[in-house]
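Peer 1: Below is a structure I'd like to ask you about.
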């Protein structure tokens, strides 16, 4: 088992692999254009411009997300046999086109296509590229590399919404999306391609290889493994919960009597919790293995839903998103290394793309489902209790799948 890194060693790790780690961090950050926390900010404008209700917009958004998940299962396989520079450029082109189309769309079909491209290029491919690259190119220090790359998500959560709110004081919401396409093309893509030049990861010590990593499973073998099927609910728990919480954040808060300002403060604490989870999880994954950390990573999510369901006080409005962020940080840091530990590296891109597609599918189902329930008058307390119970069941299934008696061979 690798020794726990001291802060000085952590800094040395960052410096030694600064280009590749920066690539992972910024690629994950770039996914923000297709993430729910950013698109959800334009919920009122989209409903007004296209004359849609909460449930109807959720259905359109869910349809776009579903289509992106289906295509990701095929595109994600190409990662394992493509030049990363070309794969990245293709994903960026999808994202740029989505930003442009949303900026000029004037019909429901154009809106659906724009959201599809944003979800596929952003949430789907950019996240897939960032985390899979870290898991494949880093062997020693994989947990830290994945957690550092995943930190691009809370960075985007902190930068994108604040920038959008400030920019909307001067720009129309459509102009802001057009500007986003320029930012991806002129700033992010050239920088990411430059960072890939000469970037390298860390190797696992020879004596540790056999004990830490499974044989290389094909994706066909993985989908037939009952242990993988038991892991799926736990894998989708965090993205499903975060997606519906962000997409319907204002309606959920209104049923609790919380102001928009209080919601904004909660989002800031979500980002703090997310970063704390990522920083803490990386070294723990390297020390304890992702297999041991994965199930405990779900506990903060359960606690977050318990607070949301049980309390209306101001402190609850601040605590539940912080716990949600903490759980997301731990869970996202453990998931990709877990796949590497259980199923090997040769087909990691294809396997992770499959799981990512399932996760995106869950985020496609979430917004229209919760939107319909809100339209029917269900209270936040009941909804949060149902979600928390579901996460608890998922954690039990994951514990069974990862128990010593069911170890993959």
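Each Cβ is built from the backbone N, Cα and C atoms, and glycine gets one as well.
Because the structure is a prediction, the values reported are computed rather than measured.
Per TrEMBL, the feature domain 'Major facilitator superfamily (MFS) profile' maps to 20-407. According to TrEMBL, the feature transmembrane segment maps to 20-39, 59-79, 86-104, 110-133, 145-170, 176-196, 228-250, 262-281, 293-311, 317-339, 351-370, 382-402.
Help me picture these features in the structure, burial and contacts included.
Peer 2: Counting same-chain residues at least six beyond the ends of the transmembrane segment (20-39), those with a Cβ under 8 angstroms from any Cβ of the stretch are 14, 61, 88, 92, 95, 98-99, 115, 118-124, 126-127, 129-131, 133-134, 137-138, 145-146, 148-153, 155-157, 159-161, 164, 180, 184, 188, 191-192, 195-196, 199-201, 242-243, 246-247, 267, 363, 367.
Sequence-distant contacts of the transmembrane segment (110-133) (same chain, six or more residues past either end, CB-CB distance under 8 Å): 20, 23-25, 27-28, 30-36, 39, 46, 50, 60-61, 63-65, 67-69, 71-72, 75-76, 79, 84, 87-88, 90-99, 101-102, 104, 146, 149-150, 152-153, 332, 336, 348-349, 352-353, 356-357, 360, 363.
Here the transmembrane segment (145-170) has Cβ contacts under 8 Å with residues 14, 17, 20-21, 24-33, 35, 37-38, 41, 127, 130-131, 133-135, 137-138, 176, 179, 201-202, 267-268, 270-271, 274-275, 278-279, 281-282, 285, 325, 329, 332-333, 336-337 of the same chain, all six or more residues outside its ends.
Sequence-distant neighbours of the transmembrane segment (228-250) (same chain, 6+ residues past either end, Cβ-Cβ under 8 Å): 36-37, 39-40, 43, 54, 58, 61, 222, 260, 263, 267, 294-295, 298, 301, 304-305, 321, 324, 327-328, 331-332, 335, 338, 342-343, 355, 358-363, 365-367, 369-371, 374, 387, 390-391, 393-395, 397-398, 400-402.
Sequence-distant contacts of the transmembrane segment (293-311) (same chain, at least 6 residues past either end, Cβ-Cβ under 8 Å): 234, 237-238, 241, 273, 277, 281, 284-285, 319-321, 323-324, 326-328, 330-331, 333-335, 338, 380-382, 384-385, 387-388, 391-392, 394-395, 398-399, 402.
Away from its own ends, the transmembrane segment (317-339) comes close to residues 131-132, 134-135, 142-143, 146-147, 150, 153-154, 231, 235, 237-238, 241-242, 245, 253, 256, 258, 262-263, 265-267, 269-282, 285, 289-291, 293-294, 296-301, 303-305, 307-308, 348, 351-352, 355 of its chain (Cβ-Cβ under 8 Å, at least six residues beyond either end).
Residues of the same chain lying 6 or more positions beyond the ends of the transmembrane segment (351-370) and with a Cβ under 8 Å from any Cβ of it are 36, 55, 57-59, 61-66, 68-70, 72-73, 75-77, 79, 119, 123-124, 127-128, 131-132, 135, 217, 219, 222-223, 232, 235-236, 239-240, 243-244, 247-248, 335-336, 339, 343, 383.
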Peer 1: Among 59-79, 176-196, 382-402, which stretch has the highest count of C-beta pairs below 8 Å with the transmembrane segment (86-104)?
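Peer 2: By the under-8 Å Cβ criterion, the transmembrane segment (86-104) pairs most with 176-196.
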